[in-house]
Amino acid sequence: MNIQSILDNNRYGHAILLIIICYLSFFLFNDEFFVNIMEARNFVTAREIIEKGNWLVPTMNGELRLAKPPFPTWITAIFGNIFGMENLSMLRFPAGIMGSLMVLFMYQFTLSLNGNRIKALTNCLILVSSFYVLYMSRTGTWDIFCHSFMLGAIWIIYSAFNHHNNDSLWIKFSFAGVLLGLSFLSKGPVAFFALLLPFLIAYFSVYKKINLKQYWKPIALCLLIFAIISFWWPIYISIAHAQEAAAVAKLESGSWMNRHVRPFYYYWNFPIQSGVWTIAIFTSLLFPYAIKNFKAKEEYKFALIWTLSSVVLLSLIPEKKDRYLLPVLIPSALLAGQLFHHLYLAFKNDSAKKADHILFGINTWIIAIVAFSMPVIVFVMFLRENLISIHSFALFSIFSEIIAMLMAICWINRNVRGMVLSTTALFLIVVIFIIPHTGGILNRNPHFKSIAEIRKLTNFHEYNYYSIGEDHLAIELVYEIGKEVKQWNTLEKPDLPEEKPFLVISTENPKALFTKAQMNKIKLDIIGQYDNNKNRFGKNRYKEHFKKYVSLVSPISIADKTFSEATAIEMNKTKDYGN
């Protein structure tokens with residue numbers, strides 16, 4: 001496996017390889033995952049931007065959506081307008097683009113850091129095949145936007161401080177200002193706190209001190225551009241909707257302290273979020289070993305401080321979620337890359353110590369064992385449950401065993417680069433053969449019936465939708481329904497919301513939610529009962545409010561005209577087992 005002769009300093013070879021891997025990682029089968037709550041909020045807001053044209057003041061299910069800056073939603077709306085809001089693959093396409101940009105920025109940043117293309121490629125392979133980078137680049141949320149733009153800004157800022165002439169300095173800081181502004185316009189100060197600040201801590205802790213006075217003019221231009229791009233929208237909202245903006249700011253700041261509170265140490269298993277590189281990142285954290293043996297000690301300390309600073313800063317915030325660790329995976333890729341580069345040099349120069357052989361063996365053989373065992377795991381979880389075809393299972397098993405064999409060869413030959421490529425290949429065959437069949441694993445509800453089916457009832461497209469009852473209507477269901485759903489409190493507002501037919505959505509049987517007086521004024525026909533739960537009934541994650549009745553309400557005066565024979569036939573086809 002002469003990987004070195006193929007890839008050493010081969011700029012075009014690196015570009016082609018990374019483009020292929022980014023496509024497989026971020027775009028192939030990117031409509032397989034179910035829409036999560038964050039995506040649903042983004043998609044519903046984008047849909048209403050298209051329908052209402054409210055680009056500057058977005059709404060989500062008819063209510064102002066000011067909690068998040070709008071740039072990612074604008075991009076989603078553009079794609080939704082071109083390809084359709086039901087085209088999930090294209091709605092997620094912008095996230096894939098941002099994931100690919102993150103990989104590109106990592107390559108360029110590594111080149112600015114050390115000028116070594118193999119190091120740059122290694123870091124990119126680790127980043128692109130890290131689990132949470134994959135996941136966030138396949139879902140239409142904000143995180144991948146803000147952190148990708150921020151990594152680009154960090155690359156430009158580092159390059160401006162270390163590789164510049166007077167002509168390029170102004171251009172670089174201007175470009176950095178644009179990227180900083182887009183990061184803020186994507187998710188506010190999140191990336192500044194979780195990615196930029198840890199980078200600055202690491203940089204000024206390890207590298208030469210910079211006389212910022214000599215850069216003050218281009219830095220001022222950078223900050224001016226950043227401020228213009230970042231703050232024009234919040235300023236506009238604070239003027240146009242001052243009361244609502246203040247309420248949202250209070251709610252969002254409070255949520256950082258009161259929602260999803262976890263202990264300080266919650267994030268200290270962060271290497272696990274990288275997936276196949278978990279052991280490599282854990283190994284690279286062995287500071288006594290690294291500082292004694294690594295030649296690029298400053299670069300290692302820089303990556304280590306950046307990683308740990310990011311984890312510590314995130315740990316200080318009471319609100320914690322796994323996806324908030326996405327920015328930590330960026331310096332973690334640099335850290336693991338340092339380990340592999342050291343091992344490569346140690347084996348190449350015959351200077352490897354016992355610890356080098358042990359650590360390389362641990363990293364290699366664990367992946368080899370995983371690759372060797374994967375066919376058994378896939379057989380039990382997928383083939384036995386008829387979730388994967390025998391053809392796909394056979395191909396996956398063959399490739400998996402080949403990778404296990406290649407890992408053994410890499411160990412024998414002490415081929416570090418081959419080991420990195422083989423690990424990436426294991427990640428890719430999971431993407432190609434397993435992700436298309438994850439629906440059956442993620443959806444364990446035998447009675448699953450998506451409320452999105454009501455979109456097929458063309459006779460009801462012109463009607464308005466109302467949610468009734470005490471249970472709220474989850475935003476995921478609003479996305480699936482495909483249009484705005486208004487809230488109607490039938491007790492506080494007993495009068496019908498309109499004099500024409502409309503649909504009501506409820507967790508309880510709607511007949512129990514209307515008073516006798518109201519029932520005398522309407523004709524109520526239950527269209528169906530839908531269950532969007534992915535878990536079986538009785539499981540902890542089963543949510544009653546994901547199970548909904550959809551019913552047609554027609555004022556008595558026009559009920560006969562509304563409930564035509566054709567409509568009745570169409571509704572009967574959708575009758576659920578529970579009605």
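Think of each number as a place in line: the chain as shown, counted from 1.
Any Cβ shown, glycine's included, is placed from N, Cα and C.
Copied from TrEMBL, the annotated features are:
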DOMAIN    68-232  domain 'Glycosyltransferase RgtA/B/C/D-like'
TRANSMEM  12-29  transmembrane segment
TRANSMEM  93-113  transmembrane segment
TRANSMEM  142-161  transmembrane segment
TRANSMEM  168-185  transmembrane segment
TRANSMEM  191-207  transmembrane segment
TRANSMEM  219-239  transmembrane segment
TRANSMEM  265-290  transmembrane segment
TRANSMEM  302-318  transmembrane segment
TRANSMEM  324-346  transmembrane segment
TRANSMEM  358-382  transmembrane segment
TRANSMEM  388-412  transmembrane segment
TRANSMEM  419-439  transmembrane segment
(request) Determine which residues of the chain contact the transmembrane segment (142-161) at the Cβ level, with the cut-off under 8 Å and only residues 6 or more beyond its ends counted. (result) 38, 42, 68-69, 71-72, 75, 94-95, 98-99, 101-102, 105-106, 108-109, 112-113, 133, 136, 168-169, 172-173, 175-176, 179-180, 182-184, 186-188, 190-192, 194-196, 199, 203, 210, 215, 218, 323-324, 326-327, 330
(message) Which residues of the chain, 6 or more past the ends of the transmembrane segment (12-29), have a CB below 8 A from one of its CBs?
(response) 6, 93, 95-96, 99-100, 103-104, 107, 117, 120-121, 124-125, 128-129, 133-134, 137-138, 424, 427-428, 431-432, 435-436
(request) Return yes if the transmembrane segment (93-113) and the transmembrane segment (358-382) have at least 3 CB pairs under 8 Å (sequence gap of 6 or more), otherwise no. (result) no
(request) Among 168-185, 191-207, 358-382, 419-439, point out the range having the most Cβ pairs under 8 angstroms from the transmembrane segment (265-290). (result) 358-382
(message) Can the transmembrane segment (191-207) be said to touch the transmembrane segment (324-346) if we require at least 3 CB pairs below 8 Å and skip pairs under 6 apart in sequence?
(response) yes
(message) Under 8 Å between C-beta atoms and at least six residues away from its ends: which parts of the chain pack against the transmembrane segment (219-239)?
(response) 56-57, 66, 69-70, 170, 173-174, 176-178, 180-182, 184-185, 212, 245-246
(message) So if I exclude everything within five residues of the ends of the transmembrane segment (388-412), which remaining residues of that chain have a CB under 8 angstroms from its CBs? That is, six or more out.
(response) 1, 360-361, 364-365, 367-369, 371-372, 374-375, 378-379, 382, 418-419, 422-423, 425-426, 429, 433-434, 436-437
(message) If I take every residue in the domain 'Glycosyltransferase RgtA/B/C/D-like' (68-232) and average their pLDDT values, what number comes out?
(response) 94
(request) Give residue numbers and ranges for long-range contacts of the transmembrane segment (324-346): same chain, 6 or more residues beyond its ends, CB-CB under 8 A. (result) 102, 106, 110, 113, 116, 118-119, 122-124, 126-127, 130, 132-133, 136, 143-144, 147, 150-151, 191, 194-195, 198-199, 202, 267, 270-271, 273-274, 277, 280-281, 283-285, 290, 293-296, 299-300, 302-304, 306-307, 310-311, 314, 352-353, 356, 359-360, 416-417, 419-420
